[in-house]
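*Asks:* Got a structure for you, written out below as structure tokens; questions coming shortly.
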Amino acid sequence: MAQQVQLSATVAESQLGQRLDQALAELFPDYSRSRIKEWILDSRVTVNGKKINKPKEKVLGGELVAIDAQIEEDARWAPQEIPLDIVYEDNDILVINKPRGLVVHPGAGNPDGTVLNALLHYYPEIMDVPRAGIVHRLDKDTTGLMVVAKTVPAQTRLVEALQAREITREYEAVAIGNMTAGGRVDEPISRHSTKRTHMAVHPMGKPATTHYRIMEHFRAHTRLRLRLETGRTHQIRVHMSHINHPLVGDQLYGGRPRPPKGASDSFIAILRGFDRQALHATMLRLYHPIRGIQMEWHAALPEDMVELINALKADTEEFKDQMDW
């Protein structure tokens, strides 16, 4: 069912000379400027009783503006009963701990069976929120924390916070090779020119920055803590591959098994059996979109990564007398 939106306000004198869409976005901060622009173009906005369909129209201050519009639900998406691990929930947001193998949003090759379909089952009212409240994504086989908006105002403010880089997202990962120090990868990312399922570092891509630090050294692998400044598709995976340290198990970006010399059969079996990128969204910190208080959540590593790290530790311990560090 569509959500009816009826709003009115008086343009402030201080807004003299602003574009109409800019002025309305300031007057009605619960709605994004792009949504307001769509309403203007669709003749859903009046100024002093007259319909205006030009977002660039300048305001003088003192005008009475009104919006009479609808937010349409998207009937393409069907509710599905899929288990969700809810870490936190209130009237405005919820935080989930996503398992491996679960796609976040329907798309090519995954028309259903996603986080979005599950959200519609447990929270039917979220149909009225753009993208069913999803404001950022994790790859299908990346595990960990995601925030979801339950209302339009919460969604608008979370999107703005992401764009302003006010939401902190930290990950744990296991990379191939011995890394000597932490650092930063500041390389633009775009879709690969020939492999449409891949992303790649490209000078004409969108800016992307990943910070990383070393948590633990193993014989031929490194455990990392990473922080995103931006949120490009496959960003951590692409950046780590770019610096020649792809993530264990990442078949798209060169993470094939590379057992160190002399490794035991059991260790090799664990390494070869790890069939997803070793990446987990372990910490999420943000200001609540409605209440304004800072909130932080943590998610422990999933069992498969714990098993992998324990195997790496055991292998390193076995060969510690032969290592130079």
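Just so it is clear, glycine is given a Cβ too, placed from its N, Cα and C backbone atoms.
According to Swiss-Prot, the protein has these features:
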DOMAIN    18-91  domain 'S4 RNA-binding'
ACT_SITE  ASP139  active site
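Give me the lay of the land around each of these features.
*Replies:* Note on the domain 'S4 RNA-binding' (18-91): mean pLDDT across this stretch is 88.
Neighbours of ASP139 (active site), defined as other CB atoms within 10 A of its CB across all chains, total 20.
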*Asks:* If you run the three-state DSSP split on ASP139 (active site), which class comes out?
*Replies:* coil
*Asks:* Using DSSP, break the domain 'S4 RNA-binding' (18-91) down into helix, strand and coil residues and give each count.
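*Replies:* Split by secondary structure, the domain 'S4 RNA-binding' (18-91) comes out as 17 helix, 19 strand, 38 coil.
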